[in-house]
Amino acid sequence: MTMPSSLAPIPELYVSYDSAQKLKMEAADLVSHDLSPRQICDLELLMNGGFHPLKGFLSEEDYNGVVETMRLAGGALWPMPITLDVKRDFAEKIEIGQDIALRDQEGVILATLTVTDKWVPDKAKEAEKVFGADDDAHPAVNYLHHTAGEVYLGGPVTGIQQPVHYDFRARRDTPNELRAYFRKLGWRKVVAFQTRNPLHRAHQELTFRAARESEANLLIHPVVGMTKPGDVDHFTRVRCYEAVLDKYPASTTTMSLLPLAMRMAGPREAVWHGLIRKNHGCTHFIVGRDHAGPGKNSAGEDFYGPYDAQDLFRQHEAEMGIEMVPFRHMVYVQERAQYEPNDEIADKDKVTILNISGTELRRRLAEGLEIPDWFSFPEVVSELRKTKPPRSKQGFTVLFTGFSGSGKSTIANALMTKLMEMGGRPVTLLDGDIVRKNLSSELGFSKEHRDLNILRIGYVASEITKNGGIAICAPIAPYATTRRKVREGIEEYGAFVEVHVATTIEECERRDRKGLYKLAREGKIKEFTGISDPYDVPANPELRVETEGTDVDNCAHQVVLKLEAMGLIAGH
Ligand code: PPS
């Protein structure tokens with residue numbers, strides 16, 4: 001019996017075990033590049049054949065072809081630039097023809113790269129052509145401009161070892177491992193389902209139907225490399241997938257994790273995903289509405305049309321050698337207690353169609369509200385609830401900002417006492433003076449030092465927030481940009497509540513509790529906030545409290561009310 005070409009081994013970029021040991025020793029002397037998390041994902045799929053026919057990071061000629069026409073210089077279809085971006089000063093040290101070692105974040109050498117090309121890309125053009133717009137609201141464009149290095153290096157890669165993963169090891173397969181698995185089970189037709197979200201019942205129904213209708217086996221192939229910022233983390237998702245896997249017939253369905261760094265490039269991404277799945281031995285691929293969509297652009301409109309991805313895939317389907325299975329939009333029909341494809345419901349006006357949108361699901365999780373069984377499996381909901389407890393059980397940070405002597409510390413202390421009376425979550429107070437004693441004792445009051453001080457406070461507060469505690473911070477925090485950075489760091493894990501203690505500088509000076517304003521006026525303290533150093537008044541704080549004519553207890557109570565309004569504290 002002949003083996004279908006989809007199941008024959010695919011070329012990898014790894015050298016043999018013995019050569020790898022030798023090469024590893026030799027590579028220790030080479031100039032090294034420390035790979036970013038995204039580059040590690042790309043390298044893994046380059047080396048294991050997931051990105052076949054690529055043999056390394058794109059050369060300039062291949063890059064130009066891919067950006068302009070989705071084709072490598074040799075003519076093969078390839079929609080996504082897989083480039084090694086580096087910093088300019090690093091690139092200056094590298095000569096064409098030189099071998100460099102590619103290391104993971106622990107310093108382990110994973111591969112060597114023979115540099116054949118080095119160039120400064122036109123990033124605005126790459127953004128336009130590949131992602132459809134040079135707009136930072138697109139996560140990959142934002143990455144391109146603000147995270148990626150200025151210079152690209154290209155050339156063939158020699159693989160030494162796979163990146164190390166400590167999680168879900170049994171669920172990770174290279175293209176050849178999957179091909180071997182399909183060969184072993186006699187699976188000739190395999191339909192792959194790409195996902196970066198937890199699977200709910202609608203997804204289970206549609207994937208099951210897709211497989212049944214194409215008379216194929218099913219591979220649930222979720223991305224666990226990098227997905228869209230803000231997605232449910234992959235640990236939680238994989239536990240959810242494992243729960244859903246039990247709902248399929250075991251003999252026809254399997255799951256494997258794909259260490260891909262997604263770009264959210266819609267149509268191009270769909271074609272790329274198809275080629276990757278073909279390399280993994282699949283014959284069919286499900287493409288949905290708004291496949292790999294990046295969300296809204298900076299004008300509030302979608303980057304791509306809802307069916308652009310399907311259209312582009314269809315254009316290239318024959319050449320790609322993997323068949324598209326268009327996604328069926330499944331909806332729940334209450335009267336018949338089952339999911340049905342939306343376009344097959346003839347009696348729409350007589351039945352009740354139920355739906356819960358992604359936004360509504362997030363709201364229900366955040367508020368701890370009911371999520372019905374028809375929408376998701378109880379095991380999935382319970383996993384999601386563990387990771388995303390309602391807001392009233394999540395950690396959060398309150399940052400008081402204002403002049404010295406404005407009353408920040410006093411209100412912060414009062415708030416801490418009130419929150420401790422309520423109980424339920426540990427509370428930490430990071431007061432300006434406490435922090436300067438314990439975390440920042442070597443720092444002064446220059447802009448640079450103040451920023452360092454605030455960022456340290458922000459880091460500690462983000463860790464507290466991540467672990468479910470309440471952090472109350474009370475530094476002056478005079479710079480808006482630094483406060484914004486702190487906010488961004490914390491909002492990854494929980495709410496950030498900025499409270500402007502709006503006591504006027506005149507009133508602070510009049511009170512002059514510590515006698516510092518007098519010294520500042522006399523020039524004995526330099527760079528004193530409000531006197532000889534700037535303070536950016538918060539433009540949109542969650543709350544502004546006026547202390548003149550209001551007692552401390554009332555100010556703290558205003559914060560408590562705000563926290564309650566934000567859903568951060570609730571009755572038990
Ligand atoms: S910052 O800007 O956020 O890093 O400042 P912070 O860590 O909150 O420290 C402010 C307290 O340090 C005392 N102090 C000064 N404040 C402002 N400017 C200068 N130059 C300065 N020198 C010393 C002052 O007592 C502040 O006390 P608070 O707690 O704000 O009343």
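Placed from the backbone N, Cα and C atoms, the Cβ positions cover glycine too.
What TrEMBL lists as ATP binding site is G402, F403, S404, G405, S406, G407, K408, S409. Among the features that TrEMBL reports, domain 'ATP-sulfurylase PUA-like' is placed at 11-161. The domain 'Sulphate adenylyltransferase catalytic' annotation in TrEMBL covers 172-386. Annotation comment: TrEMBL describes 394-545 as domain 'APS kinase'.
Shown on the structure are the features that TrEMBL records.
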residue : record           : Cβ neighbours (10 Å)
G402    : ATP binding site : 30
F403    : ATP binding site : 23
S404    : ATP binding site : 22
G405    : ATP binding site : 23
S406    : ATP binding site : 26
G407    : ATP binding site : 25
K408    : ATP binding site : 28
S409    : ATP binding site : 21
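Candidate binding-site residues: G402, F403, S404, G405, S406, G407. Those with a Cβ under 6 Å from ligand 1, in sequence order, are S404, G405. In this structure, S409 (ATP binding site) is part of a helix by DSSP. Report note: the ATP site is defined by G402, F403, S404, G405, S406, G407, K408, S409, and the residues of the same chain whose CB lies within 8 Å of the CB centroid of those residues, excluding them, are F400, A474, I476, V501, T503, C508.
Confidence in the domain 'APS kinase' (394-545), given as mean pLDDT, stands at 96.
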